Amino acid sequence: MMQRCWQISLPLARRRLIPSLTSKRTAATEAPLDELDAFEREYLKQRIQITPFQRLLLGAGSSLASLLDPHRHDMIACLGETTGENALWNILDTMQASEEGRRILVEKPRINTRTIDLKRLEAMPPDTFGATYAKFLKDNNVTPDTRMEVHFLDDPKLAYVMTRYRECHDLVHAVLNMPTNMLCEVTVKWVEALNTGLPMCYGGAVFGAVRLRPKQRREYLRRYLPWAIENSKQMKPLMPIYWERRWEQNVDELRNELGIKLLQ
């Protein structure tokens, strides 16, 4: 079963919603409370329910606000939730198709300083993924505690998938060896867009590139964008990866497993 996730004939971003997801949608949305896990029950308590028209308005408004100010992380988060439902169902389907992905969906791990022992990761051998991630956080002065909570998705299962995507963003940076400057953020957004199909990622990739300085834009077109596209052709889906169980794995072996070639 572990292999099924990697046998998808088309990249996730180009897959259509398959018919079997209709029943999954119904089951996930209408399940009795006693059949939901702790994350799902807690999400339903704080979920903000909106109508289709309100969703349209929020999507348009957050899109405009994100373009005007890319630092409005609340608007970027809102955009992701109001435009990404179909892509999230596809991601959920992909995760359910592999043993590792199913384990994530059952255990619903969270990534923050309360759940991860960063001191332990820092003490690991430097060639491990755990040490690579800890070094990324330190070098870029970032913390896993800054991710926005999900509010506007109807289905709690999709809410977890979106939560997982957000909390894994820095892990993707680390495994790609990409810092957090604007050029690399745009590049990572392209990788995420092509790997997940999330409209928000495409928007960040396309419109983020517009804000690059001339020198950055030349490097982006000459090296970074071609690298992101070429890597994405061979890269395995990242969302089914249980990163927290890979801390001790050699980071180069992990990259080879995922089909990632670093930018030279």
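From the backbone N, Cα and C atoms, a Cβ is placed for every residue, glycine too.
Matching Glu149, Glu185 to the Zn(2+) binding residues that Swiss-Prot gives (His169, Asp170, His173) identifies Glu185.
A C-beta separation below 8 Å, combined with a sequence spacing of at least six in one chain, links Asp170 (Zn(2+) binding site) to Tyr133, Phe136, Leu137, Val142, Pro144.
Of all the Cβ atoms in the protein chains shown, 22 others lie within 10 Å of the Cβ of His173 (Zn(2+) binding site).
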